[in-house]
Each structure stands twice: as structure tokens, then as C-alpha cells.
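Step one of this worksheet: look at the structure below.
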Amino acid sequence: MSAICNGTKTLHGGKLSHFVQNVPVPSYLIALAVGILESRTLGPRTHVWAEKEIIEKCAYEFAETEKQLEAAEEICGPYEWGIYDLLVLPPSFPFGGMENPCLTFVTPTLLAGDRSLANVVAHEIAHSWTGNLVTNRNFEHFWLNEGFTVFVERKIKGKLESPQSQDFDAYLHVSELRNEIERRGSDNPLTQLVVNLKGVHPDDAFSVVPYEKGQTFLRYLENVVGGPDVFEPFLRKYFETYKYKSIDTNDFKNFFESHFSGNSNISSIDWESWLYKPGMPPVIPDYDKSLAVFCNDLLEKFLKWNGEGSIPITSADRDQMSSAQKIYFLDALSEAEPQSLEKLKALNELFGLDGIKNSEIKFRWLNTCLKAHWEEKVDVTLSWINVVGRMKFVRPLYRALYNWEDVRQKAIENFKVNRANMMHVSAYTVAKDLHLEA
């Protein structure tokens, strides 16, 4: 559970375990799990728990958790929770992870086989400071949890990989933020950083906005005051000052302005627009786009290709691409005009997309296929989302099926049959996406 086990004894033919938690915990972070589980040690403070059938895969996938935790401490200060364990949940779990103190819940969709999706663990580790230690007062200020967490997550990525990969990850998600804001409407008040939830179901307000718009704001603030060397000491002081407390956006703003009172650059910050105006952020930072250039060149060649002859992407090009670059490529492809099935079949043959283990790539591939009205991918998509409950994948794919009028009813009937197998938040939100009574 979200505490440290300090003893187990036999009692009445069973076992009794006692847990202790000496750090104050917000009520939404209290969690426990029961199952036939095994564990593997990842580091002096880190372990992974899962069912025996997948425990070795999990141990491999998350082997770098201790390194991620150490990198987070360099950015944020000492880790206060004692241990950091991961529990891999069944596929119906609706989120990438849930940052319960001492025991993060994660989705098995992270098991890509090559550790390429372990950045989600970095996100949950970051929550050990951003959300768990310093907590939003209520979920109108949710960006204080999630925007900060994405910001720190990418800093961890920058330390363990490169500044270029940190920026590439941020740049990759700009389009995701833009798509969400376009879907909701650029004047929708739920696209503000600080939202008014009076009369609003919290699940209706949940989106990528507090994550990515919040991260963008913090990156902007960091640039304004002078960069990471100036901003990271502020972060550590912020965590130390407000740990074990719940705060709102005004608390953060006042602390920021007090800390940087001698920095004349902060007078240029338009707090009102950033915090209380809907739509895209006022400023998109000038991210390093070097890792995107290669992908853009390949995409341009593919889009110009008429489908005759050989695909203008080589196996050498493919082998040069990281998983993140493949995700970026497919993201951009899914936003372009629908491609012919002949072109998509050639792309599939080159990249082996039908058999890909990386769920982020698989999701984007299926989304691209549905946009092109590739009929044989409908059942493939439904089979996958009947097993995988992660809303990040399930909701957009159901929306894509709904928007394709010929298969709309099939998608609705599939949802009705499988709704009982979904967790409530997934079932509730997908029902609304399908224009059914939630």
C-alpha cells in the first residue's frame, strides 16, 4: 500500500502485514492492492511488483528506476518517502500511472520490451515532490500537480539522455495539446490553467491541458528568469517551503515573485493570460528541434510519394529512428490528409507496425489506419481497446471509430458489450465520447 511495510506475521492460518507512513499523505493518495504478486529488487530503494507471468519483463523494463530517482533528487532535493516501489496493474487500469506514495501503480502498456516507455516512471517519480509533497489545494489548481510533474519528468529525461531528447519530448507534445484545445474549443474555459469546476464533473475537466500547458508555462518562466541554473534552486526552495502543505496558484505566484523580486525580467510575465485565458499558451518556448528535422524530412518524402514503386524511406532510415521519433512521425502522419491503403501497407511492411510492442506507436498506427478508413483495422482496434483500458489510447480510438459513420454503430455496440469490464472513469468518459448517456 501507500506506506512502508514494517513487519508480517502468521495469524489464523494467514498473514498479517503492518504498514507505517510517517509523511502526511493527501487523502486521494491512499491506496492498497491485493493479489498473488511477486517482487524483484531494482535498487536499494526500488522494487517492482507484478503477477508472476510478467514479473521478469517488468524487472527488465523498469531496471533504471533507481537512476531516475537519483536524477530527480538532483533536481528536487532529497526523496522523503523511504522506498519507491512499482506495481504493474491489469490492462484495464485507465491511466499511465498513479503516484501513490511508496507504491506507484503503472499500466502494463509500458512493457515495450526496450525500456522506451519508462519515461512514465520518471513522471510518477517526479510526483514524489510535485503533488505528493506539495499538493494542489483542490483540482481547480490541478496544473500545480501535473504541470510541475511533466516539467520535472522532462528534466530527468534531459539528465539521463540528453537536452535534445528533453526538448524533443516537449516539442512532440505541443501537437497533442493543440489537438485537445481544438477538440474542446479554443474559448472553452476548461482549457485555462486555473479552471472553475463549479457544476463541472471532474472527469469532464480531465485532459492534457494542465499537463502540457502547465509544463509550457514553467519552461517559459525558467527562460524568463535565466535558465535551469537559476530556476532549479528556486524549485528546491519551493518544495522545501511548501512540503506537507496544500497550496493554490496564488501561493505559487506570490512565492515566485518574492523569490525573483530582484529579477527585472519577471515584469514581462502576463500572469492573467497564462493562468486565466483559454486556448493555447501565449508563448511556445523555442525548443531544440534537431531530432524532429530527420522525421520531418522522411514525412515530406512519404507524403509526396504517389504510392508507385518503392517507398521513399529505407531500412537504414528506419533503423536510425528512436521510438520517440517513430511516435513523432506517426503523430504528424495522423494529422496529415488520409493516405492511400497502398502507402500505409508499404509503411507497415517496412516498420512492422502491426506487430509493434510499443503501445504509443501502436496507438498512433491504429489511429492513422482508422483515419484512412482501412476496414480490416477496425476489428484489430476493437480487440485491442477491449483489453487495454488506458484512456489515453481508448478514448481517441473510440472517437475515431465514431467519426467514421460506416463503423459507428459497431463501435457503440462493442462499447456496450465491454463496458462492464472497464473501470468507471473509462466507461464514463467513453460513453460521453460516443454521445451515450454516461
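Including glycine, each Cβ sits where the backbone N, Cα and C put it.
Keep in mind that TrEMBL annotations are predicted by a computer and have not been checked by a curator.
Record check, TrEMBL: Zn(2+) site residues include His123, His127, and the candidate from Glu146, Glu161 also listed there is Glu146. Same-chain residues at least 6 positions away in sequence with a Cβ under 8 Å from that of Glu146 (Zn(2+) binding site) are, in sequence order, Gly131, Pro210, Tyr211, Gly214. Taking the domain 'Peptidase M1 leukotriene A4 hydrolase/aminopeptidase C-terminal' (290-434) as a whole, pLDDT averages 97 in the prediction.
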